[in-house]
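Worksheet: one structure, shown below.
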Amino acid sequence: MELFSRNVAAFWIILLEFLLGSVAEEEVLMNTKTETSDLKWTTHSRSKPEWEEVSGLDEENNSVRTYQICQADGSSSHWLRSKLIERRGASQVYVELFFTMVECSSRNTHHRSCKETFNLYYYQSDTDDATATHPAWMENPYTKVDTVAADFLLRKGGEKKVNVKTLRLGPLSKRGFYLAFQAQGACMALLSVRVFFKKCPALTRSLSVFPETVPRSLVQEAVGQCVANAAQPGPSPRPPKMFCGEDGQWVDQPTTTCTCLPGFEASHGELECRACPVGLFKMGSGTGPCSVCPENSQTGETGSAACVCRSGFYRALSDSADTPCTRPPSSPRSPVPQVNDTSLTLEWSEPLDSGGRSDLSYSVECRMCSTPGSPCTLCSDGVNYRPSQTGIQGRRVSIWGLRPHTTYSFTVMALNGVSAQSQQGPAGETINITTSPNVPVLVSGLRKSTATESSLTLYWNTPTQSHYRILQYQIRYCEKERGSEENSCHYMESNNNEVVLSDLRRATQYEVQVRARTFAGYGSFGKAILFRTLPDEDDSSSPLLVTGILIAMGMLLLIIVIGAAIYCIRKQNNYKDPELSDKNGQYLMGQGVKVYIDPFTYEDPNEAVREFAKEIDVSCVKIEEVIGAGEFGEVCRGRLRIPGKKENYVAIKTLKGGYTDKQRRDFLAEASIMGQFQHPNIIHLEGIITASCPVMILTEFMENGALDSFLRLNDGQFTPIQLVGMLRGIASGMKYLSEMSYVHRDLAARNILVNSNLVCKVSDFGLSRFLQENSSDPTYTSSLGGKIPIRWTAPEAIAFRKFTCASDVWSYGIVMWEVMSFGERPYWDMSNQDVINAIEQDYRLPPPPDCPTYLHQLMLDCWQKERTARPRFANIVSALDKLIRNPASLKITAQEGAGPSHPLLDQRSPLTPSSCGTVGDWLRAIKMERYEETFLQAGYTSMQLVTHINTEDLLRLGITLAGHQKKILSSIEALGIQNKAPGNVLY
C-alpha cells in the first residue's frame with residue numbers, strides 16, 4: 001500500500017511539473033488597473049475635445065483610471081501617449097487593451113466622419129525625453145502596431161460589453177518605449193492598458209535544471225545544470241541545453257547527459273536524484289534504480305555505492321561490487337592414501353560447503369615426522385607432486401621422492417578465490433602415513449669435482465640406510481639440449497659415491513641423476529642437477545683463444561672498412577644501377593624482387609608504421625556494424641570515403657581499451673607488415689587511424705568472411721575444380737610471401753578470407769607468437785593473448801621453434817585438407833598432445849570424402865617429416881595449374897573418406913619392392929601409382945630394372961617433386977638392392 005501511495009504521489013508531481021513547465025510566465029511592465037493615482041499621460045489635439053482622464057469602476061467594481069474621448073468630427077487626430085515603459089530585456093512585448101466603443105448609428109453625428117476604430121503606435125527611446133512636441137505627433141517617427149476595431153459596440157438600450165484586444169510589439173532594442181493611441185472620429189473609452197512580456201519559467205526535467213529564460217528571438221537557447229547528486233560523464237561534457245520559444249513555452253525535450261551519481265537513483269520522473277535507502281545500493285552512474293544488496297552483504301547508510309560483506313564473507317579482488325559475498329570452503333572430506341614404497345597417491349572428496357564459489361582448488365602440505373614426540377617439519381624440495389602441490393583442480397595427487405621407513409603427515413586444504421582475504425588459514429584434513437622400509441633412500445648432494453672438455457667427475461652424499469646395505473649406484477645423464485630422447489640419455493654404474501663420465505661432448509650441458517640399489521632393488525632417482533663440460537681441453541689454450549679473438553676482431557674491422565667503401569661507391573653511382581635500389585626500406589634485389597622488412601628491426605617501430613601504412617582521417621570512415629571480435633578488440637564493417645575516390649566498404653579492426661604500449665605496437669605491426677604486400681591473393685591494407693581513439697586498421701572488406709566457416713555453410717556446394725581454384729589462389733599468395741622471405745607462421749583456413757567472387761586472400765599477419773611450455777595441450781600464444789592450436793603447425797616448429805617457408809608448406813597441406821573436407825576440424829576431437837604424438841610416429845590425415853587422389857598425395861608431400869623434402873610454393877602452384885588444365889584427373893578419388901572414426905594413415909613402413917610382383921603393384925604400395933604409365937613408357941617393366949634408378953633417372957622421367965623423389969628412392973634403398981647410389985634429391 002505504501003509503494004502504491006508513493007507511485008501515485010510521484011505521478012501527480014510529474015504531471016504538475018509538466019503542466020507548469022509548458023505554461024508561459026508573464027512579467028508585467030505596466031498595468032493601469034493597479035495605478036492608485038492619476039496616470040497623467042500626454043495628450044495632443046488640434047481641436048476639442050481631447051482625451052480625458054476619468055475615474056471609473058472595473059468589472060469587479062474596483063476604482064480604476066481610464067481615458068475617454070467622443071469626437072463629433074473625424075477630420076482631426078486626437079493623440080494619447082503613455083509614460084516611458086522599461087522593456088527589462090524583452091525583445092517583444094504584448095499590449096492588452098480593455099475598451100468600449102459607441103456605435104456610429106447611435107450617435108448624432110455625420111456618419112462619414114464617424115469611426116469605430118483607433119490606431120495603436122509605439123516609439124522606442126533610450127532616455128525619457130518625450131515632451132509635448134517631441135516626438136512629432138504623426139505616424140513617423142512612431143511605429144504603427146495596428147488599427148484596432150471593436151468587436152462589441154455600445155448602442156442605446158443595448159448590452160454593455162467590453163472589448164479585449166492583445167497586440168504584439170517588437171522587435172524592441174532600446175531601453176524603453178512609449179505607447180500612443182490615435183482616435184479619429186471615434187467615441188470610445190480606454191478602460192485599462194496592460195503591457196507584459198512572456199518568458200519560459202524555471203524548469204526541472206531529465207535530471208537537469210534550467211533557469212527562467214526570456215526569449216530574445218524565435219527560439220532562445222537556455223543552458224542548465226545537473227540536479228543535486230547528478231553529473232555528466234566524461235572529462236569535459238557539454239552542459240544541458242533546452243530551447244525557449246518566443247511564446248514563453250519550452251520547446252521539445254532537453255539535450256542532456258545528466259545521470260545520478262553512484263548511490264543515487266532517479267526519482268519523481270527524473271526530477272531529482274534520491275539516495276539509495278539502507279539495504280540498497282547503486283554501483284555506477286546512470287538512470288537505473290537502486291538494487292538490493294547481493295547475498296551476504298549489507299549497507300549501513302543511505303546513498304551507498306557498494307554493499308559491505310557481512311562478517312566472515314569476502315569478495316575476491318576480481319569480483320565486482322554487484323556480486324554476492326562468499327566465504328572460504330570447508331575442509332576436504334575423507335582423504336584416502338595409497339602407499340607404494342616411497343610414493344603415495346592421495347584422493348579425497350569435495351568439501352560439504354564450497355563457500356558459494358566455483359573456483360575451488362586444493363593444496364597439499366607435507367610434513368616429515370622423523371622421531372616420535374618431536375614436531376614434524378616441512379618436507380624438503382626432493383618431494384615431488386603431480387600435477388602440482390598447489391592450485392590442484394582435481395581431487396587426486398601423486399607424491400613421490402619420500403624417504404623409506406618414515407612417517408609423514410599430509411594435510412589436504414581446500415581454497416577458493418576469497419581464501420586469501422580470510423584472516424584464518426584454509427580448512428584442511430590431515431592424514432598420517434608411513435613409507436616402506438625396504439626401499440633405498442634418495443641420493444642427495446650431487447656435485448662436481450672436476451670437469452674437462454670431454455668428461456665430468458661427480459660425487460654425492462652416501463645415504464643413511466639402516467635396513468639394507470647399498471650395493472651399487474646407477475647414474476643417468478642426458479644432453480640438456482636434446483631433452484629426454486632415448487638416444488641422448490646414458491646410464492652408468494658405480495660401486496661408491498663417485499663417478500667419472502667420459503666421452504662427453506665439448507661445451508655441452510648435461511642433466512644428471514643418481515639412485516641407489518639394495519637387496520630390495522633400485523630406489524627412485526634423485527633430483528636432476530645440471531653440469532657443463534669445458535669448451536677447451538685445459539687452461540693452456542687461453543693464449544690461443546686471445547689470439548683467435550684478436551684475429552677475428554681484425555678481420556671484422558677490415559670487413560667494415562671494405563663495406564663502407566663499397567657503400568660510398570654505390571651511393572655515388574646509385575642512379576646508374578637499376579638492379580639495386582632502396583625505396584621506403586624495401587630492398588629490391590635483382591629485377592623487381594621486393595624483400596620483406598621486419599618492422600621490429602626498426603629502432604622506433606612507429607617509424608615502420610609511418611613508412612608502410614597510410615594514415616587516414618577519421619572523418620573519412622563511417623562504422624556501420626560490428627561483425628566479429630578478436631584478441632585485439634572488435635572487427636567492424638564500415639565505409640571509407642576519401643575525397644576524389646569512390647566510396648567502398650572496408651573491414652575495420654579496433655584496438656580494445658586499456659592496452660599497453662607494447663600491445664599497441666604489436667597491433668600496428670600487422671599494418672606495417674600488410675602495407676608491404678601488393679598481391680591479388682593477399683589482403684589489401686587501406687590505411688590506419690592512430691590520431692584518435694580507438695586505434696584502427698582498415699583493410700578491404702571480404703564479403704564471405706573466413707574460409708573455414710564459409711565452407712561449412714556451403715558444405716558440398718562447390719565442385720572439385722572450384723575448390724582447386726581456391727587452393728591455387730592461396731598457394732599463389734603464399735608463393736608471393738615466400739619470395740619476399742616472409743614466414744606467415746599461422747596459415748589456416750580461419751585466416752583465409754573470401755570475397756564475393758570466391759577469391760581467397762591470406763590475412764592475419766600478427767607477430768611475436770611463443771610456445772606455452774609445461775602444458776598438456778601446448779599452444780602458440782600471440783602477443784595480444786590469443787591462442788593458436790598447434791595442429792596446423794609443422795613438427796620442427798613445435799619442437800625447436802624453427803619457422804620457415806617449409807613450415808608454412810606444412811600448414812598449407814592442412815589448409816588443403818580443410819578445404820577438401822568443407823571446413824572439417826583437422827584431427828577432429830583428438831587432443832593437441834595426441835596430434836603431436838601421432839605426427840611423431842609418422843601418422844597423417846586420411847583423404848577427406850570424395851577427395852581426388854592427386855590432391856591427397858600433394859597433402860602428404862606437404863607433410864613430409866623432413867622439411868627439405870617438402871615442395872616449395874612455386875611447385876604447388878605449378879602442380880595445381882596442371883590439375884586445372886586437366887580436370888579429368890580430379891575424378892580419381894580415394895576409396896573411403898575421412899571421418900572422426902577413420903584411422904590416421906600410417907606412413908612409417910611403406911611396402912618395399914620385394915613384396916610386390918610388378919612395377920604397378922610396387923608404385924601403388926608406396927602411393928605413387930600416378931607414375932605407373934610413365935615408368936612403363938620409359939621401359940621400366942620389371943622390378944630388376946627399377947632397382948637401378950637414381951635421381952637423374954627420375955628427373956628424366958619428369959618426377960621433379962622432391963618428396964616424390966625421396967619416397968621412391970627410399971623404398972628402393974630400403975632393401976639394399978640398389979646397384980648405383982642415388983644422387984642427392986634436387987630441391
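One is the number of the first residue shown, and numbering goes on along the chain from there.
Positions of Cβ are set from backbone N, Cα and C atoms, glycine also.
Marked as compositional bias 'Pro residues' by Swiss-Prot: 326-335. The compositional bias 'Pro residues' (326-335): residue composition by secondary structure is 0 helix, 4 strand, 6 coil, according to DSSP.
If you look up Swiss-Prot, you'll see C70-C187 (among others) marked as disulfide bond, on the strength of similarity to another entry. C70 (disulfide bond) falls within a strand when secondary structure is assigned with DSSP.
For C104-C114 (among others), the entry in Swiss-Prot reads disulfide bond. For C114 (disulfide bond), other Cβ atoms within 10 Å of its Cβ number 21.
Under the heading domain 'Eph LBD', Swiss-Prot lists 26-205.
Under the heading domain 'Fibronectin type-III 1', Swiss-Prot lists 328-438. Per-residue confidence over the domain 'Fibronectin type-III 1' (328-438) averages out at a pLDDT of 89.
Swiss-Prot lists 442-536 with the feature domain 'Fibronectin type-III 2', giving sequence analysis as the kind of evidence.
Feature annotation from Swiss-Prot assigns domain 'Protein kinase' to 621-884; the stated evidence is sequence analysis.
What Swiss-Prot lists as domain 'SAM' is 914-978, and the listing cites sequence analysis.
The annotation region 'Disordered' is assigned in Swiss-Prot to 319-340.
If you look up Swiss-Prot, you'll see 1-24 marked as signal peptide, on the strength of sequence analysis.
What Swiss-Prot lists as topological domain 'Extracellular' is 25-548.
What Swiss-Prot lists as topological domain 'Cytoplasmic' is 570-987, and the listing cites sequence analysis.
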In angstrom units, rounded to an integer, how far apart are the Cα atoms of C104 (disulfide bond) and C70 (disulfide bond)?
11
Would you mind ranking the disulfide-bonded residues C70, C104, C187 by how many other Cβ atoms sit within 10 Å of each Cβ and giving me the lowest?
C70
In whole Å, note down how far the CA of C114 (disulfide bond) lies from the CA of C70 (disulfide bond).
10
Can you tell me how far the Cα of C114 (disulfide bond) sits from the Cα of C187 (disulfide bond), in Å?
8
DSSP-derived structure type at C114 (disulfide bond), helix or strand or else coil:
coil
For C187 (disulfide bond), which DSSP three-state class applies?
strand
